[in-house]
Amino acid sequence: MNAPFMKSLVCLLICVWIQPEPLSAETSAEEPLILLQESFQEPLTRDWFWGLGTWKAENGILRGYESGPRRHGPVKMRRFVLGDGNINYEFRLEGKARFAGMIFNGSQERGHIVHLVVSRDQIRVLGHAKKGESENLLQKPHQIETDKWYQAQIQFHGPEMTVKVDGQEFTVKADYIAEPKLTFGLGGDSGGPAGEKAGALEFRQLKIRPAPAKQTAGIGEIGDVRRLHTGFQFTEGPAADGEGNLYFSDLPTEKVYRVSHDGKLTTFLEDSLRTNGLFFHPDGRLFACQSGSQKTQGAPAQIVAYDSSTGKFQVIADKCDDKAFHRVNDLVLDSQGGVYFSDIGGSAKRPGPSGVFYVSAEGTVTQLVKDVSRCNGVLLSPDEKTLYVLPSGQPELLAYPILAPGRIGPGHILGTLVQKEGQPLAGGDGLTVDVQGNLYLTRPRANCIQVMSPAGETLAVIPFPEGPANCAFGGPDRKTLYVTARTSLYAVRMPIAGFQLSNQTSLTDEARSAIRSEIQAVIREGYYPGISILLIHKGKVVMREAHGVVDIKTSEPFTVDQLCWLASTGKLFTATLMASLVDEGLLTFDDPISKTFPEFANIRLPDGTKPRQPVRLRHAMSHTSGIPNDNWLKAEKHLEKNDPQLADYVSPQTPQDFVNGCLKLGLVVEPGTKMMYGRPIDLSACVAEKVTGKSFIELMQERVFKPLGLQQSTIQPTRQELKKLAPLYSSSKPGVFEPDQFGLEVAERQNKRLSTAGGGVYSTLDDIGTLMQLHLQRGKHHGKQLIRAETLQQLYQPQPGTNGRYGLAFQIKDSPINGHSRILSHPGYSGPVAWIDFERDLVGVLLMQSNTVNRTKHHNRIIDTIYRFVPAEPASH
């Protein structure tokens with residue numbers, strides 16, 4: 001099978017499906033997925049089209065024969081789309097029949113045929129390139145007896161075809177199967193020499209299954225598709241409760257069913273008023289979309305919450321702006337108690353617009369999306385930063401940034417949906433998400449589930465015999481993907497667990513109120529125009545808000561997506577970059593700077609002597625290099641930053657300039673003995689550039705921004721980005737704000753000279769949170785190990801000469817509040833601070849664009865308030 005065939009397979013996968021006898025909806029029928037199963041009962045289905053010879057099917061056997069002397073061997077054909085998979089059948093040669101087998105016809109126009117022949121004395125696989133020409137791809141002596149049943153299996157895997165007959169295996173290249181529209185047949189030679197009565201060929205137990213999905217990029221090994229229950233009319237809305245039991249709807253019958261871990265099916269609701277989408281709240285309530293009953297006249301379309309113990313429901317939302325909904329379809333809850341839900345729009349009898357809505361925990365309903373046709377599936381990313389919308393009316397998945405609960409930014413196309421060949425472009429239906437943020441999209445028209453990464457890359461396509469409508473993770477470990485597809489409920493074991501909304505990571509209303517009040521109190525003191533906060537607890541965003549204004553003149557509000565200059569908080573990005581280089585073996589933290597810049601071996605102490613140890617990379621990153629900082633130069637040498645003597649040190653154009661500047665200054669103390677916070681950390685950028693041959697900007701983009709998906713972070717902001725940059729102020733008195741141009745000056749310099757490793761990053765609340773979550777997850781991002789935990793651990797260790805308060809570009813501070821924990825953080829000149837706390841499983845980010853001497857005090861006040869509600873626990877490793 002060539003590449004075009006396989007590519008088409010991914011999009012097509014299934015052309016023919018013969019459904020077994022429907023089972024009762026109350027009967028379990030768990031079995032491996034079968035794409036085709038033929039019972040050979042008379043009459044044959046129309047899918048078996050005319051061939052050669054005479055055929056009769058009865059008692060489970062298909063018999064082909066000639067009524068007279070041999071002229072042609074009987075052949076019975078069927079069209080089928082088959083990719084990687086298995087064909088199993090049994091055959092028997094009767095009487096004078098000479099051989100039997102299966103024909104694979106890739107293209108009748110081009111005459112490509114592969115013919116598996118099992119005869120009395122050999123097994124052959126014939127490849128016919130042109131009419132009348134053939135190539136014997138395999139010849140192996142093998143004795144076959146007449147009137148005896150033999151088992152045959154044909155396996156396809158990529159370009160190879162493996163043939164097994166009674167356990168004997170033969171592998172050939174199936175190069176002749178070159179087209180996606182495959183036709184195969186059962187046939188052979190049923191006669192002997194002229195004048196003799198022809199024999200017969202018999203076939204039975206024909207089954208075709210897809211090959212189990214194996215290692216797939218970004219996912220892992222996927223299990224077989226199993227059908228658990230069938231006999232329904234149209235299944236929808238799967239959702240798992242806290243224990244992993246699965247609930248789903250059967251729309252036309254308006255029932256809701258429950259499937260326990262052991263597969264037992266029971267009825268949860270006899271009359272659900274045409275419930276569609278379902279979603280469990282952590283407190284056990286089952287939220288549902290009642291889409292307008294066709295049995296109960298006048299029943300409205302509404303969002304309700306069922307008591308899962310009694311089946312009684314409470315209405316959550318039934319209108320927006322006094323307008324009733326049409327057909328509410330799907331829903332998802334957030335950690336704030338709100339519900340995002342879709343209304344697919346009206347019908348031919350009752351037309352109406354489609355949209356996506358949000359109802360807050362307080363009951364306020366707002367419409368978020370108005371310009372998308374047939375809004376269907378809705379979903380949140382695990383961190384609740386993105387709202388996904390899967391429309392039925394267009395072939396793309398849409399993504400919207402969440403600015404605050406119930407408030408979204410402009411949407412964009414995240415990824416394109418796979419399509420079935422030969423059919424019009426089609427949209428999707430429902431979707432779910434795993435703990436790594438991968439999305440599972442149901443594709444009814446393509447008979448598959450498409451697995452998509454958070455970046456929009458298709459990772460896998462899982463075929464189904466019926467068009468999937470929706471899916472959800474369940475089971476005790478959340479690794480069973482349940483799929484509702486037309487008449488049946490299916491299950492697939494997945495390598496990655498599904499994400500589950502949990503109230504264990506949510507701050508209480510009291511906690512949020514207290515933190516919010518503290519932030520607002522700090523703003524009222526008059527040193528900061530505005531403050532934004534991001535808290536990620538146990539991998540879940542539990543608070544993401546902005547307060548105050550970003551611009552004093554315009555009173556424009558501070559927002560959670562505000563671009564800010566991070567100043568020294570950017571050192572956390574530098575630490576991550578350097579750790580990636582160490583992890584790859586390009587350098588070590590103990591490398592002397594002289595290993596990269598040999599002239600650094602000549603650096604000396606004030607008395608001209610050589611230091612006891614060389615200046616190492618870890619000294620530069622912990623500010624213990626012994627090279628003087630700006631404060632020392634001003635106090636001891638009376639040198640200002642603009643002094644010409646400091647040109648290479650303060651404004652280097654190249655890494656070599658900065659190295660030369662450091663050499664001119666020399667050492668004022670032994671390396672590793674005293675912390676002097678300042679510019680020497682830029683030596684790490686010099687080393688990184690020299691070792692890799694790439695600029696610091698390129699390295700940051702390739703090793704930090706891109707792998708983590710930090711699309712709003714930069715070192716060289718464009719003019720458009722600078723227009724969005726939060727203004728920076730200096731404030732030494734309450735209510736007095738002076739414009740501070742330092743952030744703009746840094747941006748201007750970095751476009752012309754060596755980028756600073758100590759304070760050159762411009763970023764947003766969410767991007768900083770993602771970076772810090774990488775550290776909290778010990779180097780993992782979406783389940784993938786980007787940097788080894790032991791490498792990152794070196795960043796967090798107190799360094800000699802720092803009095804235990806500084807690691808490698810990380811500040812270290814202990815907190816005794818609500819249990820003891822260690823805070824690993826870094827503040828910045830412009831007001832921000834970002835931190836991780838392993839004992840509390842917490843990431844925190846505060847952005848406040850004002851330079852004030854009070855910022856440490858204000859940081860501590862807000863963090864202490866947070867810690868009153870987030871207790872320390874023993875760190876897990």
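Cβ coordinates come from backbone N, Cα and C, glycine included.
Marked as active site, proton donor/acceptor by TrEMBL: D429. Residues annotated as divalent metal cation binding site in TrEMBL: E236, N376, D429. Taken from TrEMBL, the feature substrate binding site covers R327, N329. The domain 'SMP-30/Gluconolactonase/LRE-like region' annotation in TrEMBL covers 234-485. TrEMBL lists 520-856 with the feature domain 'Beta-lactamase-related'.
Known features from TrEMBL, placed on the structure.
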residue: E236; record: divalent metal cation binding site; DSSP class: strand
residue: R327; record: substrate binding site; DSSP class: coil
residue: N376; record: divalent metal cation binding site; DSSP class: strand
residue: D429; record: active site, proton donor/acceptor; DSSP class: coil
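Geometry remark: R327 (substrate binding site) versus E236 (divalent metal cation binding site), CA distance 14 Å. Summary of the divalent metal cation site environment: with the site residues E236, N376, D429 set aside, the chain residues having Cβ atoms within 8 Å of the Cβ mean position are N276, G277, N329, D330, G377, S392, G428, G430, T442, P444, A469, N470. Within the set of binding-site residues E236, N329, N376, the entry lying nearest in space to D429 (active site, proton donor/acceptor) is N376 (CA atoms). For the pair E236 (divalent metal cation binding site) and N329 (substrate binding site), the Cα-Cα distance reads 10 Å. Averaged over the domain 'SMP-30/Gluconolactonase/LRE-like region' (234-485), the predicted model reaches a pLDDT of 90.
Here N376 (divalent metal cation binding site) is positioned 6 angstrom away from N329 (substrate binding site), judged by their C-alpha atoms.
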